[in-house]
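Scroll down for the structure; my scribbles are underneath it.
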């Protein structure tokens with residue numbers, strides 16, 4: 001499929017059915033990483049076999065960890081404390097910012113040298129937000145623009161504890177520092193301006209570690225040793241978001257999504273749908289290990305515009321592209337603000353979302369830190385060609401936009417969706 005142009009479903013009269021979205025990308029990454037650091041075996045069920053998470057597996061294999069992956073099932077034979085080996089080859093994170101930033105935190109605590117590279121997109125994403133605090137802890141990191149961009153060379157070991165106030169609410173920054181803290185003698189803490197997703201904190205506890213949370217400050221007392229465990233990875237709410245929006249805006253639709261992760265640091269998309277007036281219900285809420293999960297049903301809804309900003313942004317930052325599409329089908333003017341972090345994702349998602357949705361006739365404009373969307377707008381696809389720009393979330397958003405549009409549309413670089421949702425197009429077809 002790479003490099004081709006895919007015909008998208010348009011003129012869709014309804015979407016109906018039940019699907020189970022793939023495992024959560026954030027949790028899948030962390031499960032492999034902590035399993036690699038733990039003593040003993042870790043068994044991961046419902047792992048996401050997307051390109052990003054496979055990059056994480058590849059990197060830890062190069063660090064000497066025995067990992068067996070068969071589809072959505074993964075077994076990690078943990079290396080234990082001090083068990084990682086100096087890699088003979090460069091560590092290629094591919095397109096995965098999570099792999100890059102969290103791996104830097106782990107490597108900071110290792111008494112050896114490693115080189116980290118990625119694809120063209122990663123080479124443009126800022127790493128100083130992670131390399132700066134890790135350098136303050138004592139890690140030696142060199143790279144382009146004083147360590148702000150890959151390729152990066154790192155030599156770790158002999159870290160000092162750090163009390164760090166992060167300028168951004170970023171789970172990747174927080175996690176990198178906490179992971180380095182596992183190898184540090186003393187208490188290391190991170191204070192954020194807003195609460196970011198907390199999968200790392202929950203998972204460290206699942207592996208037998210201790211993490212303290214006090215308001216916006218998370219701290220860890222090191223060094224700590226982890227024990228292998230069993231993990232069921234919930235369905236990724238960021239992947240579910242595309243079908244939640246599709247169910248709300250495509251006529252005559254009803255979609256049920258099974259076993260979706262409902263971590264409260266990730267459910268901003270549900271809050272937005274409810275505030276806009278969506279017909280949404282959540283059933284069978286229960287806990288799997290440390291994460292809440294449930295089944296979500298969404299039906300075609302009459303929506304109204306809202307303002308989105310402030311504390312909710314870290315809880316839905318990855319969902320903003322599909323929320324922008326949602327807003328085109330809501331009556332009134334929706335304002336998305338405080339989301340400048342979108343500029344340093346796989347693409348500049350502010351500019352990319354605006355440019356691509358305008359091809360469908362959306363009334364949308366970019367701002368310095370978000371977007372303004374005026375609805376409700378009929379979407380048209382007069383033989384248009386839209387482009388994922390190699391960004392998985394842009395590609396999936398455009399496929400849902402096409403479902404609402406009259407005419408015909410094709411998508412360039414559809415293969416990008418495999419980063420987080422390899423079966424996305426198959427699941428979409430199953431609802432037609």
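Cβ coordinates come from backbone N, Cα and C, glycine included.
A 10 Å cutoff on Cβ-Cβ distances gives residue 318 (active site, proton acceptor) a total of 26 other Cβ atoms nearby, all chains included. Taken from Swiss-Prot, the feature active site, proton acceptor applies to 318.
In the three-state DSSP reading, residue 345 (3-phosphoshikimate binding site) counts as coil. Long-range neighbours of residue 345 (3-phosphoshikimate binding site) (same chain, six or more residues apart, CB within less than 8 Å of its CB): 97, 125, 318, 391, 393. For 25, 26, 30, 170, 172, 318, 345, the entry in Swiss-Prot reads 3-phosphoshikimate binding site, with the evidence type sequence analysis.
In this structure, residue 393 (phosphoenolpyruvate binding site) is part of a helix by DSSP. If you draw a 10 Å sphere around the CB of residue 393 (phosphoenolpyruvate binding site), it holds 28 other CB atoms from the protein chains shown. Positions annotated as phosphoenolpyruvate binding site by Swiss-Prot: 25, 97, 125, 172, 349, 393.
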What does the structure give for the C-alpha distance between residue 25 (3-phosphoshikimate binding site) and residue 349 (phosphoenolpyruvate binding site)? Integer Å is fine. 19
Here the binding-site residues are 25, 30, 125, 349; which one has the lowest number of other Cβ atoms no more than 10 Å from its Cβ? 125
Between the Cα atoms of residue 30 (3-phosphoshikimate binding site) and residue 349 (phosphoenolpyruvate binding site), find the distance and write it as a whole number of Å. 25
